[in-house]
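Worksheet: one structure, shown below.
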Amino acid sequence: MKGFLLLSLSLLLVTVGSSSQASSTTSSSGGTSPPTTVQSQSPGSSSQASTTTSSSGGASPPTTVQSQSPGSSSQASTTTSSSGGASPPTTVQSQSPGSSSQASTTTSSSGGASPPTTVQSQSPGSSSQASTTTSSSGGASPPTTVQSQSPGSSSQASTTTSSSGGASPPTTVQSQSPGSSSQVSTTTSSSGGASPPTTVQSQSPGSSSQPGPTQPSGGASSSTVPSGGSTGPSDLCNPNPCKGTASCVKLHSKHFCLCLEGYYYNSSLSSCVKGTTFPGDISMSVSETANLEDENSVGYQELYNSVTDFFETTFNKTDYGQTVIIKVSTAPSRSARSAMRDATKDVSVSVVNIFGADTKETEKSVSSAIETAIKTSGNVKDYVSINLCDHYGCVGNDSSKCQDILQCTCKPGLDRLNPQVPFCVAVTCSQPCNAEEKEQCLKMDNGVMDCVCMPGYQRANGNRKCEECPFGYSGMNCKDQFQLILTIVGTIAGALILILLIAFIVSARSKNKKKDGEEQRLIEDDFHNLRLRQTGFSNLGADNSIFPKVRTGVPSQTPNPYANQRSMPRPDY
């Protein structure tokens, strides 16, 4: 009854705009739980009002619930603690629009020793931190925090989730809305074990700060994947960084701006400027020729850097504008042996050097400057100037007459596909081609379309008819000798194998013959010394004959078998 009267008095004082604080504490019987207080405040009031309620049993800390009406400047929070266990307090805080204080909501489950869990949120226009933390009961897991921030705020926003049990370090997920300037990171840690946290950081467009490093809170390793403002966009040409009519050309890790034919890109003006062109071919030494046709490859970018650096250094004191690479082709090697011996390879690069429209440079002065620079260059070997009329396919030998490329006359067999296209190209073949007669129309290096024979055929002896290539030859105009070389090499290899086989057979037979002769000699010696002692015959008088000679004469002394008594056995009787 006393508590009810105190609560009524507190509400009455708040209603009339009193600035004093009223509180009521009610403690239930049993246990040692601390009191629970509930505080509230009416609009316009500057004092704090609270109500504390403590449940019976256990040793749970107090639970507090605080709230604040619009226009107030004090903190509002709501804390609820369940009975039993030793869980830390749980707090829930919220803030109305226009408030400048912190708002949070904390919920803690009963039992275990889990750290507190906090949930904080902030309305648009506030400048304080907003976070949400959720911690499961039991175990010894560190706190888990989730923070978020509305557009326009300048404080940090993070979200942390930690599972119960084990000794895993905290896991944090941070995000930031467009327009903020604070750090954004996302960290995820699995429950249990002692693995350090893994952090993923990202930054929204428009942010100006870099993601900060994450220090592991335990374990032996950490994994961090940063992304955002420090790495730049993946597509270098999206959005297009080139202004005006220029187009963006993307290389491996850089880009450049390319204008229409006869124009160069002025980076200081950020626009295309009309210029004077000087085409030519240079021969360069490169370490690798693979993927030079691919503009996005590393090899092409290295070649582009070498070419542009060479010409920028050569024409640094002139009104030089830009160098454009037209075509890259591999120069034919002198021999296969020299190609294997040389560490570098030669490539031919067709370029166009563009100067200012009112330049005083001529084709002769440009060639002279390049040849002088080649003497001190390490990778550029040669330069050949190309007549401007030949470059565009126009009639004439004077380059000065072909500067107005849209007004020049195309060569016979060449034509412009569009009046605004500067190049004259072959539209039709120079003569009719018939596929049944093994003919085809191809574009030559000079741009002219010509009717030639198909691969494996050639025009022989001035005959216009395509005939099949002789044995061993193939390809265009029968210039491929692969079959002939293969036939010759195969014949030589077969002959060598046959010679080796014959030599092996002869060697084996000679060894067998030597062995048979030795056996025959041993047999002859054995028969020469043989004596037939059992019959009394001997071959000594047979004149080296293997058959014994029989003696027909009467011997002078007849051998007496009883003469030698020692050789005969005696009877025992």
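Keep in mind that glycine also has a Cβ here, set from the backbone N, Cα and C atoms.
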If you pull up Swiss-Prot, which of CYS424, CYS441 shows a disulphide to CYS429?
CYS441
Mind checking which of CYS257, CYS259 has the disulfide with CYS272 in Swiss-Prot?
CYS259
Quick one: Swiss-Prot says CYS451 makes a disulfide with which of CYS433, CYS466, CYS469, CYS478?
CYS433
Can you tell which of CYS237, CYS257 Swiss-Prot lists as bonded to CYS242 through a disulfide?
CYS257
Going by Swiss-Prot, which one of CYS466, CYS469 is joined to CYS453 by a disulfide bond?
CYS466
Determine the mean pLDDT over the topological domain 'Extracellular' (18-480), rounding to the nearest whole number.
64
